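*Asks:* Sharing the feature lines straight out of TrEMBL:
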- 28-351: domain 'RNA 3'-terminal phosphate cyclase' (DOMAIN)
- Q117, Y307, L308, Q309, D310, Q311: ATP binding site (BINDING)
- 197-298: domain 'RNA 3'-terminal phosphate cyclase insert' (DOMAIN)
- H333: active site, tele-AMP-histidine intermediate (ACT_SITE)
Amino acid sequence: MSPPISFLFTQCCEMQQPGIDELKPPVSGGQILRVSTALSCLLGLPLRVQRIRAGRSTPGLRPQHLSGLEMIRDLCDGQLEGAEIGSTEISFTPEKIRGGIHTADTKTAGSVCLLMQVSMPCVLFAAAPSELRLKGGTNAEMAPQIDYTVMVFKPIVEKFGFNFKCDIKMRGYYPKGGGEVIIRMSPVKQLNPINLTDRGSVTKIYGRAFVAGVLPIKVAKDMAAAAVRCIRKEIRDLYVNIQPIQEPKDQAFGNGNGIIIIAETSTGCLFAGSSLGKRGVNADKVGIEAAEMLLANLRHGGTVDEYLQDQLIVFMALANGVSRIKTGPVTLHTQTAIHFAEQLAKAKFTVKKSEDEEDASKDTYVIECHGIGMTNPNL
């Protein structure tokens, strides 16, 4: 077997792309671990990652990173060294990806959606259908909310030619977690390329403002009302339908509140703004933060929002053909995903300023990828 590919978290290569001065992958422990280990698992490449989260106040692996690594190890019967809390170096040797039931538990409020990000591309190329039982936070900070995964990520990523079911058994919030989500999906022979370059016009705006535990429904109503007022300052011709929701006590663990707002276009594009409540933060502020995030994503002219763009990169790299997506400013997470997709999978990406006339005054880019046409050897 070839020697492992080695990465220093603080020493990533610089890349030059048209339209962007530098694509320099940031020091981002979780992002690099998710992308590199998923591609390592898929491609059968031994991997060594060093100086994990070097320079942080708590360097090394955190519980959410560890549970993701252990899940990847288990779903391919791989070998993982250095997998413990605080470890600053891991080595991973993948084997054959298998289907069946796979469980990961962060034992914290670590995001189940980030566990899904690392495992989903892998089980698409398993030998049999898979069930992913993911435990942790469903609506967690610094990660997509599970509602984003279901309402935005799912319908778009399924354009690559696969489907998955997402069953939210229990919602969990910071700091205790306690949420559980079950993902069911079948393997594919290959992934289709996607072309998301026509935004169309916004036709619907809708969402949910939730409270759970001891928080009163008034908090949800206040978040929704503040968000609607903010959106109507810019968009006056559409009804904004944000439902206040009290999560059932048998379906939510702990206390929490938050909001997600979706904008849907005539061509099926989906954009979102979201926010989670924190102790001492006014409900109006939470609603306005989500509304302003949505409006910012509607101004740039792209077909995906800032949180979806990086989640599509690995799928684009694996697809059989040329994929294109139009985005606003290319995020650091997207730059990181592109870097490792090129380095590990040898996919070819270009990032160019959009040449469409309607995008001339906007910060709009087209990300194009010549995918490697990954083929499932089991099908």
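Just so you know, glycine gets a Cβ as well, placed from its N, Cα and C.
TrEMBL entries are annotated by machine, without manual review.
From a predicted model like this one, the values you see are computed outputs, not experimental measurements.
Tell me about the surroundings of these features in the structure.
*Replies:* Model confidence over the domain 'RNA 3'-terminal phosphate cyclase' (28-351) is summarised by a mean pLDDT of 96.
Cβ environment of Q117 (ATP binding site): R34, A38, Q311 lie under 8 Å away, each six or more residues apart in the same chain.
Counting every protein chain shown, the number of other Cβ atoms lying within 10 Å of the Cβ of H333 (active site, tele-AMP-histidine intermediate) is 21.
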*Asks:* Could you state the whole-number distance in Å separating the C-alpha atoms of D310 (ATP binding site) and H333 (active site, tele-AMP-histidine intermediate)?
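*Replies:* Distance between the two Cα atoms comes out at 6 Å.
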*Asks:* Might you list, by sequence position, any residue in that chain lying six or more from L308 (ATP binding site) with a Cβ less than 8 Å away from its Cβ?
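*Replies:* Non-local contacts for L308 (ATP binding site): V152, F153, I156, L270.
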*Asks:* Could you round the CA separation between Q309 (ATP binding site) and H333 (active site, tele-AMP-histidine intermediate) to a whole angstrom and send it over?
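*Replies:* With distance taken Cα to Cα, H333 (active site, tele-AMP-histidine intermediate) is 9 Å from Q309 (ATP binding site).
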*Asks:* Using Cβ atoms only, which residues of the same chain lie under 8 Å from Y307 (ATP binding site) while being at least 6 residues apart in sequence?
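*Replies:* Counting only residues 6 or more apart in sequence, the Cβ neighbours of Y307 (ATP binding site) under 8 Å are P144, Y148, V152, A272.
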*Asks:* Work out, from DSSP, the number of helix, strand and coil residues along the domain 'RNA 3'-terminal phosphate cyclase insert' (197-298).
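*Replies:* Output for the domain 'RNA 3'-terminal phosphate cyclase insert' (197-298) reads 35 helix, 37 strand, 30 coil.
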*Asks:* Give me the count of other Cβ atoms within 10 A of the Cβ belonging to Q311 (ATP binding site).
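*Replies:* Excluding its own Cβ, Q311 (ATP binding site) sees 23 Cβ atoms within 10 Å.
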*Asks:* On the Cα atoms of Q117, Y307, L308, Q309, D310, Q311, which are listed as binding ATP, what is the maximum pairwise distance in Å?
*Replies:* 13
